Amino acid sequence: MTSSFSNLSLAEPLARAVAEMGYESMTPIQAQAIPVVLTGQDVMGAAQTGTGKTAAFSLPLLQRLLQHENASTSPARHPVRALVLLPTRELADQVAQQIALYAKYTKLRSAVVFGGMDMKPQTLELKKGVEVLVATPGRLLDHIEAKNTVLNQVEYVVLDEADRMLDIGFLPDLQRILSHLPKQRTTLLFSATFSPEIKRLASSYLQDPITIEVARPNQTASTVEQRFYAATDEDKRRVIHQVLKTRGIKQAFIFVNSKLGCGRLARSLEREGLKTTALHGDKSQDERIKALDAFKQGEVDLLVCTDVAARGLDIKDVPAVFNFDVPFNAEDYVHRIGRTGRAGASGLAVTLVSGSDTRLVADIEKLLKTKLNIETLALDEPPRTERPASRYAEARPEGRSERYERPERFDRAARSPVQRGGFRPAMPSRDPFFDRPYEAPAAGAIAQWDSAPPNPAARGTPSGNIKPRRKLAALFKPTEPTVAPA
Ligand code: AMP
């Protein structure tokens with residue numbers, strides 16, 4: 001099979017758009033999927049992000065929709081004919097942008113709807129009529145309920161990143177959406193893995209699908225150099241600085257497991273002189289788009305992000321990805337490092353492994369079926385003493401431990417989120433005092449804190465940091481020593 005686009009007999013407007021994108025030859029998923037989709041058959045595709053799967057489904061889909069192309073201003077002449085469903089807003093936005101580029105020389109209209117944005121502009125666009133609608137499930141249901149769009153003329157439906165949609169808990173929403181579509185249609189399902197749940201979904205909604213697998217599920221791209229460095233929490237930022245410097249890397253993604261950790265790490269790196277921005281689910285849509293744009297424009301060196309925020313983001317040529325935290329789910333490791341070494345370019349993925357990550361690293365080894373070599377990087381700068389020793393020590397809300405922080409597992413737009421991975425297990429103590437075996441005190445010994453007599457006078461003059469409060473004062477009032485009953 002030749003992999004040149006010219007062998008596809010794409011319509012001139014599509015061929016022109018592809019040429020303009022600078023694509024020289026088809027990627028493996030495109031070479032396999034495009035001819036099948038052109039025949040109108042259902043497809044179940046296993047393909048990682050970065051393999052070119054957006055073009056693999058959208059080019060043949062647009063080609064088949066060209067028969068409906070018209071310049072009429074009447075909305076009735078532009079019913080939704082293709083529906084593309086994705087798990088997150090960023091991914092929906094990105095796929096919609098790519099589709100708009102492929103369709104730019106046609107009269108086919110496309111639009112995107114996702115949560116976190118005002119519904120009004122989306123409604124106006126839907127009411128004008130669009131042939132290709134890209135959407136996240138929750139927001140699409142809102143529009144269906146508000147009767148802003150009718151899906152009874154849909155000929156194609158694409159379930160992209162289907163595994164993640166199920167992870168997030170979108171199955172009920174997907175079932176409701178699919179119930180609004182005509183039975184006679186082409187369904188394309190793309191997923192990074194073919195789990196039993198995905199196979200069940202496919203058997204319910206796809207008809208005799210052609211299975212296309214371009215890479216073994218859970219396989220990492222061979223163009224990515226994977227490094228694992230042992231680092232204490234205190235040293236992780238230093239490792240990042242050193243790798244960036246020694247490798248001459250200008251831009252990188254840094255993955256963390258929690259939203260709180262994301263903002264905090266971004267602030268620390270910014271203070272250390274790196275232009276950094278944070279991307280996580282608590283950022284408004286506007287902030288997220290701005291952060292992405294700034295990174296794309298090269299105005300920002302580092303994008304610190306959580307898995308949900310970064311899922312499937314297509315930012316080309318990211319030279320490196322750092323896993324500041326080892327991901328809770330081994331599959332996320334594959335997705336994270338898929339941000340680098342995309343479309344044939346080489347990339348570097350550095351994972352920082354602390355003492356408590358042994359089980360998580362073992363999970364990655366199991367998934368990749370490889371023994372990972374955890375190296376020690378000789379750090380050439382003295383430890384920074386001006387900053388708090390640990391990121392956990394920084395500005396943590398009282399009584400709250402980041403170690404127990406809920407990881408960001410799902411898009412906030414999700415209606416019935418499913419938590420996977422649970423809470424981070426407690427990390428072993430780093431204080432040698434607590435690591436020492438228990439030694440019984442010698443008979444008659446007085447505990448250190450009991451040996452000094454209470455000093456009521458000292459309590460009258462608290463340090464400047466302690467505000468005297470009546471209740472506390474009452475609690476600490478000197479009392480008579482308790483005499484044990486005989
Ligand atoms: P995707 O996996 O669809 O997110 O695509 C990943 C990136 O590869 C996108 O930036 C595409 O523009 C790019 N791409 C898609 N197809 C090709 C191709 N045939 N040649 C070069 N780049 C491509």
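Easy rule for this one: first residue shown is 1, then count along the chain.
Quick reminder: no glycine exception, Cβ is built from N, Cα and C everywhere.
Heads up, TrEMBL stuff is auto-annotated, nobody curated it.
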Query = Can you say which of 3-31, 90-118, 293-321 is given as motif 'Q motif' in TrEMBL?
reply = 3-31
Remark   = Taken over the motif 'Q motif' (3-31), the predicted model's pLDDT averages 90
Ask   = Helix, strand, coil residue numbers for the motif 'Q motif' (3-31) per DSSP?
value = 18 helix, 2 strand, 9 coil
